[in-house]
Amino acid sequence: MPEYRSRTTTAGRNMAGARALWRATGMKDDDFQKPIIAVVNSFTQFVPGHVHLKDLGQLVAREIEKAGAVAKEFNTIAVDDGIAMGHDGMLYSLPSRDIIADSVEYMVNAHCADAMVCISNCDKITPGMLMAAMRLNIPCIFVSGGPMEAGKTKLAEHNLDLVDAMVIAADDTASDETVAEYERSACPTCGSCSGMFTANSMNCLTEVLGLSLPGNGTVLATHADRRKLFEQAGQQIVAITRDYYEQDNVNVLPRSIGSKAAFENAITLDIAMGGSTNTILHLLAIAQEAEVDFDLKDIDRLSRKVPQLCKVAPNTQKYHIEDVHRAGGIYGILGELERGKLLDSSVPTVHSTTLSAAIAKWDIQQTSDDQVAHFYRAGPAGIPTQVAFSQDTRWPSLDGDRAQGCIRNVANAYSQEGGLAVLYGNIAADGCVVKTAGVDDSILVFEGPAHITESQDEAVANILAGKVQAGEVVIVRYEGPKGGPGMQEMLYPTSYLKSKGLGKNCALLTDGRFSGGTSGLSIGHVSPEAAAGGAIGLVRNGDIIRIDIPNRSIDVKLSDDELTARREAQNELGWKPAELRPRKVSAALKAYAKLATSADKGAVRDLSQLDD
């Protein structure tokens with residue numbers, strides 16, 4: 001039977017000093033016999049997805065205490081990718097993921113916590129905490145802050161999100177008044193941005209990974225039903241903590257739940273729902289922490305057989321996350337995948353012995369539980385607010401239409417190939433990633449001359465100045481994990497291509513990455529990156545690039561001899577931008593760049609370099 005980790009600081013005469021300090025935090029005599037559970041919060045007033053989390057850690061803590069354990073809360077950092085977008089602030093976003101993972105490890109191990117509840121929400125916070133959960137391998141449950149409601153305005157027939165505001169702002173034909181109305185309407189409530197962007201994609205994936213409760217990815221931040229998720233997380237973490245330490249049930253540990261099958265289920269869901277390409281980057285990093293052999297080739301294999309069953313903004317203007325919830329949420333999609341024999345539902349979760357049993361209860365197509373139907377009718381109130389759990393609106397009915405609704409069955413899939421694809425070729429020997437869910441059918445095969453830029457700033461300037469022509473492949477290089485450093489998101493370049501009418505007439509190729517809000521022929525994560533000697537650094541203006549998504553290939557039309565000659569010349573010059581960029585790179589970012597791997601490895605730090 002494993003011993004409670006916390007006994008290191010709470011048991012024995014020699015720990016009198018530690019107990020004295022624990023007492024100063026409010027612990028009493030009988031508390032020293034209880035499990036100590038860390039409540040890992042990420043409240044900040046900088047981020048709309050986290051602005052409402054301040055009191056929610058204590059909500060969870062009170063439930064933990066009612067269930068007979070001790071709760072101790074701490075906070076991590078949280079970067080808002082949308083606010084950090086389009087300037088040097090974005091250099092810090094991806095590195096913050098590893099800082100978050102480290103900070104959770106530091107706090108939990110330093111204080112010998114027995115288990116943890118992770119309260120996350122936005123882009124790098126959920127994956128950072130997932131990395132920590134797999135690294136620590138102690139009982140853990142995730143509960144997110146929830147998605148914001150979609151925006152509404154009389155100026156548009158469809159609901160709005162952040163990307164709509166960005167696109168309209170770059171549209172020269174839009175008046176200042178129209179831009180201001182979109183800006184005021186796009187993000188009406190607290191919560192993670194309302195489309196299937198990175199934050200919501202990752203929170204949905206925690207459900208299929210088995211580390212969160214049903215509805216974690218789709219119940220609105222403003223809805224009263226989400227309060228129940230926080231309360232249940234506090235209760236359930238105590239149950240599984242006792243199950244591990246007192247019954248020796250290792251099946252409740254993150255690495256037991258996060259098996260190879262669970263990671264394959266996660267990417268299967270991601271492909272089926274057309275999630276953000278960032279999820280690939282994060283799943284690869286999380287799998288490494290879990291010591292699971294899961295790589296781009298697994299993702300490539302699954303992308304060829306999993307259909308797209310759900311289409312949500314930014315891939316369509318018709319649906320947002322609130323509509324996915326009305327259609328049965330993530331368990332609605334999982335039910336269709338299970339019926340299509342595309343899921344390994346034998347894996348365990350933190351709330352059910354198997355995923356199959358959970359699907360049987362939570363899939364609206366097969367359950368007879370009226371409470372489940374009531375749960376998935378939770379909808380938006382349309383009232384701007386930063387207050388969690390402030391409304392209890394219900395949709396009048398569920399969206400159970402699997403032929404033409406938000407979630408489709410396999411027979412009526414949006415497409416028989418899923419929403420993500422991995423491409424290989426002489427420009428990306430180790431692969432690159434495209435969100436096919438956002439690519440128009442007319443440009444699934446695309447060939448055009450390269451338009452070289454060596455920073456996101458240069459790409460934006462060229463697009464806005466009208467220098468980018470229809471038919472070109474805009475290359476943004478030296479923006480990878482090392483080269484940026486920090487692997488910036490390219491939401492502004494792709495949004496501006498749209499606003500200039502080039503969304504279906506140009507491609508964008510980068511060793512950087514894309515926001516979950518990106519759509520169009522946007523190919524990122526090119527590996528190896530330019531700064532690591534990748535062939536993307538050898539391409540010149542006018543070189544012809546051929547992209548063939550159906551055949552999963554991407555190549556620059558140059559001979560091997562020409563590429564070899566260019567490589568030899570580049571080796572002499574060094575793998576860096578041709579001209580010095582006006583970019584301030586701090587010591588902290590330089591440290592990240594020194595250890596960072598390319599995107600095909602999840603852009604994690606290669607700590608083996610420290611062994612030399």
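Glycine is no exception: its Cβ is also placed from the backbone N, Cα and C atoms.
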To which of Asp80, Asp81, Asp161, Asp164 does Swiss-Prot also attribute binding of Mg(2+) at the site defined by Asp123, Lys124, Glu489?
Asp81
Just name the most isolated of the binding-site residues Asp81, Glu489, going by other Cβ atoms within 10 Å of its Cβ.
Asp81
Which Cβ among the binding-site residues (Cys122, Cys193) has the fewest C-beta neighbours inside 10 Å?
Cys122
DSSP three-state call for Glu489 (Mg(2+) binding site): helix, strand or coil?
strand
Do me a favour and check the Cα-Cα span between Lys124 (Mg(2+) binding site) and Ser515 (active site, proton acceptor); whole Å is fine.
12
In sequence order, which same-chain residues at least six apart have a C-beta under 8 angstroms from Ser515 (active site, proton acceptor)?
Asp81, Gly82, Met85, Phe197, Thr198, Ser276, Asn278, Glu489, Met490, Leu491, Thr494
To the nearest whole angstrom, state the Cα distance for the pair Cys193 ([2Fe-2S] cluster binding site) and Asp123 (Mg(2+) binding site).
10
